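Below you'll find the structure, written out as structure tokens, and then a few comments.
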């Protein structure tokens, strides 16, 4: 998927210059004059990262980040804050609140592009991890109650005979359940199963 850098700044000249900078590097952008405008269209499937001015009329950058994190849609793309004022406490607070980076204006063009590309790469990794977790959860949900019991005991390290004794079932039945668990979970062996759960 091709991601877009979304820029929120109440200063039109900065929005335009950042849009031009990213476009000159072949990176798609979309600009917003206010955080409320972005929120009105959220969630944005193409959002790879957000570049937010810290101080804006109406909703500040940190307030916009808080609003996005409070939304039920889930994963918020990485946020890069821009500020015209060196404010170490605000930078620390923003990073603790989940910002990807904090950049002081004026900034080096290559530096802001590199940070945005790193943010997009981090977001792609987080999306891939979330999709993998969802796939494992869906596979786990496909297990019968007995298969789920057998899987839990397999993950405890019990052998088929021990599982059979614990559950009061035949060892051959355990072998069938074990085989089904591995097949449904898409695991070749117990080590694969342990890695995905």
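Using the three backbone atoms N, Cα and C, a Cβ is placed for every residue, glycine included.
Check Swiss-Prot against the ranges 120-127, 128-135, 136-143 and you find region 'Inter-domain linker' recorded for 128-135. DSSP assigns residue 53 (4-aspartylphosphate) to a strand.
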